[in-house]
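Asker: Below you'll find the structure I mean.
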Amino acid sequence: MSGTAQIGVTGLAVMGRNLARNFARNGYTVALHNRTAARTRELVEHFGDEGDFVATGSAEDFVAALERPRRLVIMVKAGEATDAVIGEFAPLLENGDVIIDGGNAHFEDTRRRERELRERGIHFVGTGISGGEEGALDGPSIMPGGSEESYASLGPMLEKISAKAKDGAPCVTHVGPDGAGHFVKMTHNGIEYADMQLIGEAYQLLRDVAGYSPARIADIFRTWNTGRLESYLIEITAEVLSHVDGATGKPFVDVVLDRAEQKGTGRWTVQIALDLGVPVSGIAEAVFARSVSGHADLRDASRHLAGPAARTLGEDEAAAFADRVEQALYASKIVAYTQGFHEIAAGSEQYGWNIDLGAVASIWRGGCIIRAAFLDRITGAYEARPRMVGLLADRGFAEEIAAAQDDWRTVVATAVTQGVPTPAFAAALAYYDSLRAERLPAALTQGQRDYFGAHTYRRTDRDGTFHTLWGGDRTEVES
Ligand code: 6PG
């Protein structure tokens, strides 16, 4: 027997609930399921008038409520909970049915689940969903992986519920097979970490070097948000900085414990980048910065470690410095995205996903946490050169960085001189300088490796692999 619901959602915590409501608001009949029935009841009680819901109690009822081929979305905690839910539902499904995992799963888990379920005739679509609670309800950016066939049945629905970019394009694309969607979502989050850290460093510099109050910095971010840095993260930064704590009357940012937490997607981005050999130093510094912030034990050192004498700028100097920080932020942001896109290109190559980088940039233009005006430009750059690995290969971005570099260097130098930690700004600049350098000390590294381990080296002037007899007469032998 086939049910009437076009889609089902199991796991009705806030993300699942909002996604279910989004489907219903867009005219789909949505079957609902949750381990504790109270959540299902609450959803229908509070939002039942938003569309057609079919509340179900047991897994069997849930599956029976779905039309065929069945499409059921799992919105539970990534990891064991996801496997448990799949284990519960898969035996009730039939050939051609589709399970969609909308959590932040590790792409290797998604690859495994997709393989196992494929063997049983079930499509498994690991899907990145970005935009937080609000996005889930009003339109997220959606990054589905899985088979072409599953996208044919699912794509039109996802297009309907997704965010739309300013030009009206839906913020969803079939990213690629098996784990491609979750890989791209992971990298999105890595870039998100970098973006947030860079914004944090800009804030810290404006606070400690320019001597501005959080409210004044909020105004600066608002101004920046009308220019090339326009983005969701800049917008909410201004909101957070201008918020005053109700209990103390102090700036909210001054009463929040300065230890950043993480659920792990940024860390995965760096772990995988290490495996793929992709330099994501800006993203890595953002992950490490969260980790440093959390080490209260290490940070006890603040009591006895010396720094330079504090020097706050005068009013005119401060205003000029703020402009420089904008340049540094923009240039560093280009580097962070360059590194993220490089990782996607490398993952795509490694796993044979054939990911269209321009399409990824395009679906990040709306709905997701890193949505930004800047992504229009990235989309255009990849449309013009689909095989381009890093954004710095694009003439437009290269010119912008060239124009920003003097201020970028001044900002990093000032941070160093004044003892303000800016690991992501500095790493981004070092990455840029590494790409520009005609010669890197890697030649010396090769020499050292050959000296202590006979690891061999190649030469600039002829082909072949060589070793110098360091312990003997230092002649060179070809190996
Ligand atoms: C999104 C967010 C979302 C979530 C992150 C936060 O794209 O909507 O990235 O996935 O907020 O998990 O990550 P951390 O807890 O690791 O900061």
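Numbers run from 1 along the shown chain.
Heads up, the Cβ atoms here are built off N, Cα and C, so glycines get one too.
As listed in TrEMBL for this protein:
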type	residues	note
ACT_SITE	K185	active site, proton acceptor
ACT_SITE	E192	active site, proton donor
BINDING	G11, L12, A13, V14, M15, G16, N34, R35, T36, V76, K77, A78, N104	NADP(+) binding site
BINDING	N104, S130, G131, G132, H188, N189, Y193, K263, R290, R449, H455	substrate binding site
DOMAIN	181-471	domain '6-phosphogluconate dehydrogenase C-terminal'
Asker: Give me the non-local Cβ neighbours of A13 (NADP(+) binding site): same chain, 6+ apart in sequence, Cβ-Cβ under 8 Å, ordered along the sequence.
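Answerer: Result: R39, M75.
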Asker: Over the domain '6-phosphogluconate dehydrogenase C-terminal' (181-471), what does the predicted model average in pLDDT?
Answerer: 96
Asker: Here the binding-site residues are T36, N104; which one has the lowest number of other Cβ atoms no more than 10 Å from its Cβ?
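Answerer: Counting other Cβ atoms within 10 Å of each of the binding-site residues T36, N104, the minimum falls on T36.
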Asker: Select one residue from K77, H188, R290, H455: among these binding-site residues, choose the one with the most other Cβ atoms within 10 Å of its Cβ.
Answerer: H188
Asker: For ligand 1, which among the binding-site residues A13, N34, T36, K77, R290, H455 have a CB under 6 Å from it?
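Answerer: Cβ < 6 Å from ligand 1: none of the binding-site residues.
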Asker: Checking the spread of the NADP(+) site as listed (G11, L12, A13, V14, M15, G16, N34, R35, T36, V76, K77, A78, N104): what is the longest Cα-Cα distance, in whole Å?
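Answerer: With G11, L12, A13, V14, M15, G16, N34, R35, T36, V76, K77, A78, N104 as the binding residues for NADP(+), the largest Cα distance is 22 Å.
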Asker: Is any of the recorded positions E192, Y193, R290, H455 within 10 Å of N104 (NADP(+) binding site) (Cα-Cα), and if so, which, in sequence order?
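Answerer: The recorded positions close to N104 (NADP(+) binding site) (Cα within 10 Å) - there are none.
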Asker: Measure from the Cα of G131 (substrate binding site) to the Cα of every one of the binding-site residues G11, M15, N34, T36, K77, then give the nearest.
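Answerer: That would be M15, nearest by Cα distance.
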